[in-house]
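Features as listed in TrEMBL:
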type     : residues : note
CARBOHYD : Asn83    : N-linked glycosylation site
DOMAIN   : 93-148   : domain 'Potassium channel'
TRANSMEM : 98-117   : transmembrane segment
TRANSMEM : 129-154  : transmembrane segment
TRANSMEM : 174-196  : transmembrane segment
DOMAIN   : 186-264  : domain 'Potassium channel'
TRANSMEM : 208-229  : transmembrane segment
TRANSMEM : 235-259  : transmembrane segment
REGION   : 279-322  : region 'Disordered'
COMPBIAS : 308-322  : compositional bias 'Polar residues'
Amino acid sequence: MRSLKPWARYLLLLVAHLLAMGLGAIVLQALEGPPALQLQTQLQAELSAFQAEHRACLPPEALEELLSAALRAQAHGVSSLGNSSGSGSSSEASNWDLPSALLFTASILTTTGYGHMAPLSAGGKAFCVFYAALGLPASLALVAALRHCLLPVFNCPGAWVAVRWRLAPAQAALLQAAGLGLLVACVFVLLPALVLWGIQGDCSLLEAIYFCFGSLSTIGLGDLLPGHGRGLHPAIYYLGQFALLGYLLLGLLAMLLAVETFSELPQIRALVKFFGPSGSRTDEDQDGILGQDELALSTMPPDPPALEQTTPASASEQSPAC
């Protein structure tokens, strides 16, 4: 397959990607179609029963207007369900308290985007655009700097094991990637899921794992919302919001470290090389922008003061010959 043209390789990659998307859509349609239809039928039955019971005092048009207003408010994260119930905590009276606002900004900067809150005012929407335009590059720079500092630390155990067991470089890289992936899965997915499952009793363990993975992968579908448990003590609610803020930042960094480690595997590099250009690549193409800058700096001629300092030494070396 190495003899294929570059356009044929790219076409093969595109077809494989489209087939994977189609397969995922078929599987999800088969799994989620019947439950969604059942829920829709149940909702229509409950709505019909409610209209039949309260038709005399509540016209159907008024009920539809009320439900439309509630759904429009719910789309912006505003709901009166927690305030009307006796078990709702006072911390849920305002969706824009300090912990919730911090969590909203963290969801913007980490590109998670749960969708549980949205700005209502024109000023808030304009500020979100300005804040994301400046905050996203700053967040990426911070994560890249932390990754550059922490990646050698995580490479040390793998290097020690490779030397101790006398492993080949490919085997050592695979062992290091597997160890880091297992560490990230246990510390940032399984352990937080167990904590969330124990604190918020209205979700199963599978739903808690699904929420943690969706948060760290920045998918944030919004079906499971953070910090919206009913009946939580205000202290637990605020502590959970701040803990989730730190979890998003640290978890995203850990996920990037794991992805970076897996991308350096020889098997992955060989796969990328297969779909790359068939011609020989120069050092500048392989090193990227930063490598080009370093190469340009290393090939620059020395500064004039350095030349002036070396001139007397060379003259003194040649004086005995004269």
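Just so you know, glycine gets a Cβ as well, placed from its N, Cα and C.
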- Out of 129-154, 174-196, 235-259, which stretch touches the transmembrane segment (98-117) the most, going by CB pairs under 8 Å? 235-259
- DSSP-assigned states of the domain 'Potassium channel' (186-264) in counts, ordered helix, strand, coil: 56 helix, 0 strand, 23 coil
- Across the domain 'Potassium channel' (93-148), average pLDDT on the 0 to 100 scale: 81
